[in-house]
Amino acid sequence: MDRLVIGGRELKNRLFIGSGKFADERVIRDIVAQTGVEVVTVALRRVSLSGDGENILHCIPKECVLLPNTSGARTAEEAIRIARLARAAGCGNWVKIEVISDNKYLLPDNNETIKATGVLAEEGFVVLPYMHPDLYAAKELERAGAAAVMPLGAPIGTNRGLKTKEIVRILIEECSVPVIVDAGIGKPSEAAEAMEMGAAACLVNTAIATAGDPLVMARAFSQAVAAGRLAYLAQPGERTEYARASSPLTGFLGS
């Protein structure tokens with residue numbers, strides 16, 4: 001049986017979505033209803049801690065798993081503080097660690113991410129760290145208690161696709177926790193490719209939120225992720241350098 005279990009929770013849909021950049025955040029409810037998406041990320045700064053004013057949580061169905069991220073954190077200490085605030089605000093104990101001090105490419109700081117992961121895992125958080133693809137860092141995150149690792153496919157928000165494919169492939173082969181491809185995926189075909197490689201899930205935000213029709217794009221991504229997973233489970237045939245006939249080339253008309 002093909003199961004994805006993270007933090008004791010079994011997930012049936014392997015597409016995770018972000019909640020940022022939508023022109024109308026109310027479409028998130030429709031996306032969840034039509035695709036069955038179960039995990040939605042949210043930046044804590046978009047959650048009303050006082051209960052007053054606009055609150056992104058009003059647009060996310062209660063049956064979803066909230067995955068607060070530590071967007072804005074530049075150090076492990078800041079990420080830890082944001083995660084604790086999110087849990088205190090009622091966002092649950094799942095957290096996506098983002099520690100970014102690079103303002104140009106927004107690449108994650110793996111060293112600070114490892115530090116934050118260790119502390120928060122000890123405190124009972126289900127930690128999903130966003131990371132720059134690197135096998136040694138992924139192994140350190142595992143040892144620190146990460147429930148999954150989330151390597152980037154390309155820099156955040158670029159829609160450039162799976163540029164880190166070969167390193168992500170190594171992580172999938174060598175990591176004992178789920179590998180969730182996060183950031184940079186721009187088209188459903190790219191999500192399908194990640195899943196065909198054996199990724200456990202894909203997290204997509206910009207490609208859906210900035211599409212001409214976000215709801216239709218979300219449906220396309222959900223189907224692509226499911227198809228890619230099925231293809232992986234089906235064990236695709238090997239690639240060969242030369243052509244191989246699918247029917248005999250001799251004997252039909254005699255020798």
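From the backbone N, Cα and C atoms, a Cβ is placed for every residue, glycine too.
Taken straight from Swiss-Prot:
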- LYS96: active site, schiff-base intermediate with DXP (ACT_SITE)
- GLY157, ALA183, GLY184, ASN205, THR206: 1-deoxy-D-xylulose 5-phosphate binding site (BINDING)
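Other residues of the same chain near the 1-deoxy-D-xylulose 5-phosphate site, with their Cβ within 8 Å of the Cβ centroid of GLY157, ALA183, GLY184, ASN205, THR206, are GLY18, ALA154, PRO155, ILE156, THR158, ASN159, ASP182, ILE185, VAL204, ALA207. Under the three-state DSSP scheme, LYS96 (active site, schiff-base intermediate with DXP) falls in the strand class. Recorded residues ASN205 (1-deoxy-D-xylulose 5-phosphate binding site) and LYS96 (active site, schiff-base intermediate with DXP) have their alpha carbons 14 Å apart, per Cα-Cα distance. For the binding-site residues listed here (ASN205, THR206), the lowest count of other CB atoms within 10 A around the CB belongs to THR206.
There are 18 other CB atoms within 10 A of the CB of GLY157 (1-deoxy-D-xylulose 5-phosphate binding site), with all protein chains counted.
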